[in-house]
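Q: Not my notes, these are from TrEMBL:
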| type | residues | note |
| --- | --- | --- |
| BINDING | B:CYS44, B:ASP46, B:HIS97, B:CYS100 | Zn(2+) binding site |
There are 2 protein chains.
Amino acid sequence: MTITSTGPYALESLPEANATYVASFGDKASLPLPPGKKVAIVGCMDARLNTHAATGLHEGDAHHIRNAGGRVSPDAVRSLVISQELLGTREIIIIHHTDCGMLTFNTPQLHQKLKARPSITPGQHAAVDSFAFLEFSDLEKSVKDDVGFLKEHPLILKETAISGFIYKVETGELVKVA
Amino acid sequence: MTITSTGPYALESLPEANATYVASFGDKASLPLPPGKKVAIVGCMDARLNTHAATGLHEGDAHHIRNAGGRVSPDAVRSLVISQELLGTREIIIIHHTDCGMLTFNTPQLHQKLKARPSITPGQHAAVDSFAFLEFSDLEKSVKDDVGFLKEHPLILKETAISGFIYKVETGELVKVA
């Protein structure tokens, strides 16, 4: 097995889609680096969530931080510190969603699946077991927990406005829960 | 200083923008959980980068993983493992961009700024100093480094197609560099 350098989407579909975008780029060329609305989104990576279209936060408006679950992982905090300290954002909006994959497994199960891969050697088992996958079993609680975590975090500026939403993949609706 | 629960964007602008999105949601209601194009994007959080519009990867097509720099941090790997093992993606597209904030500072400078905040106590300085902010000084090299890192990573499936792009914030163009 070899890792190929270019996948089918990047090779066959992305160039034409990007050319269409470039052709209608217009005044986006003059957008400044700092987000105009001073907002940072922390949202799930889910394929059905478009954090631009669903929120109205388009090019130039906000930072879009996304990961599995939309969790406030140490890496999300790294991004938020840069967002606030260097680029002036002062509002954080957390977005988790219905039918999330993070509700469907737990970390020990995923450790077992990974260790069962033929490519993973026994010497790598400890590294696999060190991964916390940050799944959750209660959607609304996960949003409230993450909002609470950021409100107490010493590196998040105290004047930050922080809210939490559930995105309903069935309707496109954002429901505020924190 | 107190952290307020809802910021100006979430309170004043998001509800109307979201209602407009919901009103034209259409057949997106039936999209399945696994990404239809089997793609995972790893892109910068930058406000000017819309990873949906610029790539043509719209709702249902791909996972969108985003952080400061679009780096393959441990948390990005966490998200990619979930994306591949549980949701079937087999292509990764890394997107960094011109005029990135990650080119404008270094981690020791940011440590100094954070430790100078009145809210940070001397007892928190060690925690601040433990943060690596993953900045870079060579844009093209950062993309190639991250593609190379994933190609060698034991938890990324060997059959994955991995490519790397620079997004030009001046034109909207995606330029393949790896």
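Backbone N, Cα and C atoms are what each Cβ position is placed from, and that goes for glycine too.
Because TrEMBL annotations are produced automatically, they should be read as predictions rather than curated entries.
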Q: When you tally the Cβ atoms that lie within 10 Å of each candidate's Cβ, which of the binding-site residues (B:CYS44, B:CYS100) has the highest tally?
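A: Of B:CYS44, B:CYS100, the one with the most crowded Cβ is B:CYS44.
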Q: Per residue, counting other C-beta atoms within 10 angstroms of the C-beta, which of the binding-site residues B:ASP46, B:HIS97 reaches the highest number?
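A: Of the binding-site residues B:ASP46, B:HIS97, the highest Cβ count within 10 Å belongs to B:ASP46.
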Q: Using DSSP and three states only, what is B:ASP46 (Zn(2+) binding site)?
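A: In the DSSP reduction, B:ASP46 (Zn(2+) binding site) maps to coil.
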